[in-house]
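Listed in Swiss-Prot:
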- G11, A12, G13, K14, T15, T16, R119: ATP binding site (BINDING)
- T15: Mg(2+) binding site (BINDING)
- D33, R57, G80, R141: substrate binding site (BINDING)
Amino acid sequence: MRRIFLIGYMGAGKTTIGKILAEKLNLSFIDTDFFIKNRYKKEITDIFAGEGEEKFRRIEQKILQEIIQKWENIVISTGGGTPCFFHNMELMNASGTTVYLKATIELLTERLINMKCARPLIKDKSPEEIKYFVINNLVKRELFYNQASIVFFIKKMTMNDIIENLMPKI
């Protein structure tokens, strides 16, 4: 039985890395945000806006528990906030290997500026505002992220190099 949980801030590459990692390790792949969108037939931002953060975090927790109960031999890409609520981080650590994909503030900011249309929380922010948004959120979240079994530093390298460097650590 093998479960690998990828955690980290938005823009760290959890979904992209997760898909490739799963393929290389011959495991299944699931993205918790995608799973929630399919289950509830709504975008994450719509659930967040319509139901509130507390309700969304409960949904996220329920989906995480369901995935753990139903699937083995899988790479799971979590939402950026998933480890930071309830006992989700403890649950993931007890149920598999957790990998914090840690990127620098500069790299996260650069990636988020390039994809800001797809990220409603930052779509109206300037590059400087995005940088401070990332800094403020990371300060709160790193307490949880750093509880991961593996902290893997994402640098400006090819996806192939990232996977080749990550696989031996898992």
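Backbone N, Cα and C define each Cβ position, glycine as well.
Known features from Swiss-Prot, placed on the structure.
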residue : record                 : contacts (Cβ under 8 Å, 6+ apart)
G11     : ATP binding site       : A103, L108, R111, L112, M115
A12     : ATP binding site       : G80, L101, K102, A103, L108, I154
G13     : ATP binding site       : L101, A103, R111, I154, M159, I162
K14     : ATP binding site       : L6, I7, G8, D31, S77, T78, G80, L101
T15     : ATP binding site       : D31, F34, S77
T16     : ATP binding site       : M159
D33     : substrate binding site : I44, S77, G79
R57     : substrate binding site : G81, F85, F86
R141    : substrate binding site : Y9, G80, G81, P83, C84
Collapsed DSSP category at R141 (substrate binding site)
helix
Rounded to a whole number, what is the top Cα to Cα distance in Å among the residues the record ties to substrate, namely D33, R57, G80, R141?
18
When you average the Cβ positions of D33, R57, G80, R141 for the substrate site, which other residues in that chain have a Cβ within 8 Å of that mean position?
M10, E60, T78, G79, G81, T82, P83, C84, F85
